[in-house]
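Undergrad: Can you read through this structure? Questions will come right after.
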Amino acid sequence: MSPETSCPWMGHLPRLQVRTWIEPVVASTQVAASLYDAGLLLVVKEYYDAGGSSNHSASPSTRGAVEDQQQRAISNFYIIYNLVMGLTPLLSAYWLGWLSDRYHRKISICVPLLGFLLCRLGLLLKVLLDWPLEVMYAAATLKGLCGGFSAFWSGVMALGSLGSSEGRRSVRLVLIDLILGLAGFCGSMASGHLFKQIAGRARQGLVLTACSVSCATFGLFYSLLVLKVPESVAKSNKALTTVDTVSGMVGTYRTLDPDQSEKQSVVGHPPPLGKGKPPKAIIALLFVGAIIYDLAVVGTVDVMPLFVLRAPLSWNQVQVGYGMAAGYIIFITSFLGVLIFSRCFRDTTMIMIGMVSFGSGALLLAFVKKTYMFYIARAIMLFALIPITTIRSAMSKLIKGSSYASWPINKFHGRNSKTSQKNEGADLWELKTPAMARPP
């Protein structure tokens with residue numbers, strides 16, 4: 001057999017470098033996450049349905065009141081759960097990033113994976129031992145204290161950046177996003193069927209939660225025992241690189257790239273004065289735009305599962321899984337949209353296309369009465385991830401390694417210019433927000 005193995009976005013690599021691929025960790029972790037998200041929703045629904053099961057034969061008005069009460073209880077649970085999930089990683093994610101930059105890149109991956117595993121174990125024990133539902137607050141706290149998804153995803157983006165040249169970095173990171181969506185799609189499609197494997201209300205969901213724990217365990221042990229930190233190839237290939245974009249994206253981010261003027265000066269046009277530094281106003285606007293858009297996505301994602309559980313849709317376990325899987329298709333369609341639209345549109349136009357796509361679909365969801373209408377609304381949202389992807393890539397062009405040491409994050413981390421350039425690919429991609437782990 002050949003001593004080399006082929007990788008579709010990195011060419012021919014020695015077999016030992018296969019261990020630097022972060023994709024198996026991303027796939028297994030996202031399958032576990034999609035199984036867990038569907039399982040938690042169904043377990044919570046079954047938990048509150050048990051209290052109102054005696055009222056199923058009552059009048060329609062009584063059943064409507066019971067449904068309202070159950071939905072209010074589920075909503076209150078998720079409000080507290082999401083607050084715990086969102087607030088607990090704030091400090092731990094920062095310190096994990098600092099430790100990862102200073103000591104070892106795998107710290108920001110392995111520690112969050114441990115938190116993921118503990119959280120999945122919490123749901124498994126709740127189903128197996130019939131613990132009270134409040135135990136999931138403790139599981140969410142453990143997950144957050146271990147860094148949560150924000151720390152994990154920044155570590156994934158760091159390893160993906162370090163293991164690819166500047167010319168192929170965009171391809172590598174977009175493909176990691178694509179693998180995230182495909183894994184979530186597969187897990188969601190199977191979640192409803194796995195939840196129904198054990199009949200009866202006592203331990204329903206045991207197979208689903210056990211599969212989620214198994215996938216999370218595989219991801220943790222793979223990252224500990226198999227995964228290796230790649231050597232940075234950005235410097236060695238820097239002379240061969242012209243534009244860091246996906247094929248067909250030459251004109252997409254060039255308008256926001258402060259170094260494009262320097263590249264054009266080779267042809268004979270001197271760069272204008274003051275163009276070497278990234279415009280802070282544009283960077284601030286990109287951050288504000290990403291935050292506002294993410295708030296809209298989070299609000300829609302959190303409400304959507306509660307909407308499909310009650311009338312007029314009243315989905316069962318399998319339909320809930322299919323609905324979540326439809327959301328993960330957005331990762332695929334947004335990936336294809338970036339490849340196609342970037343050939344003829346500027347980055348600002350692509351951001352607007354994605355925002356209009358998401359806003360139109362979210363508006364249509366407010367009027368959904370039938371299941372097919374729900375899927376039509378999801379189809380309209382097929383480009384909803386383009387804004388985050390485009391803003392993230394534009395940020396990476398604006399904040400270059402040569403000027404990265406002057407930014408406050410380096411002062412907080414105590415890094416000098418050499419350290420910043422060494423870890424150039426590590427922090428450029430941390431704009432990816434935790435909400436994007438779930439499809440908008």
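For all residues, glycine too, the Cβ spot is worked out from N, Cα and C.
From TrEMBL, here are the annotated features:
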type     : residues : note
TRANSMEM : 78-97    : transmembrane segment
TRANSMEM : 109-129  : transmembrane segment
TRANSMEM : 135-162  : transmembrane segment
TRANSMEM : 174-195  : transmembrane segment
TRANSMEM : 207-227  : transmembrane segment
TRANSMEM : 282-308  : transmembrane segment
TRANSMEM : 320-341  : transmembrane segment
TRANSMEM : 348-366  : transmembrane segment
TRANSMEM : 372-391  : transmembrane segment
Undergrad: Considering only the recorded stretches 78-97, 174-195, 207-227, 282-308, 348-366, state which has the highest number of Cβ pairs under 8 Å to the transmembrane segment (135-162).
TA: 78-97
Undergrad: Check for me, if you would, whether the transmembrane segment (207-227) reaches the transmembrane segment (372-391) - at least 3 Cβ pairs under 8 Å, residues 6 or more apart in sequence.
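TA: Counting Cβ pairs under 8 Å, fewer than 3, so no.
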Undergrad: With the transmembrane segment (174-195) as the reference, find which of 78-97, 109-129, 282-308, 320-341, 372-391 contributes the most Cβ pairs under 8 Å.
TA: 320-341
Undergrad: Any chance you could find the range in 109-129, 282-308, 348-366 with the most Cβ pairs under 8 Å to the transmembrane segment (320-341)?
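TA: Counting Cβ pairs under 8 Å, the winner is 348-366.
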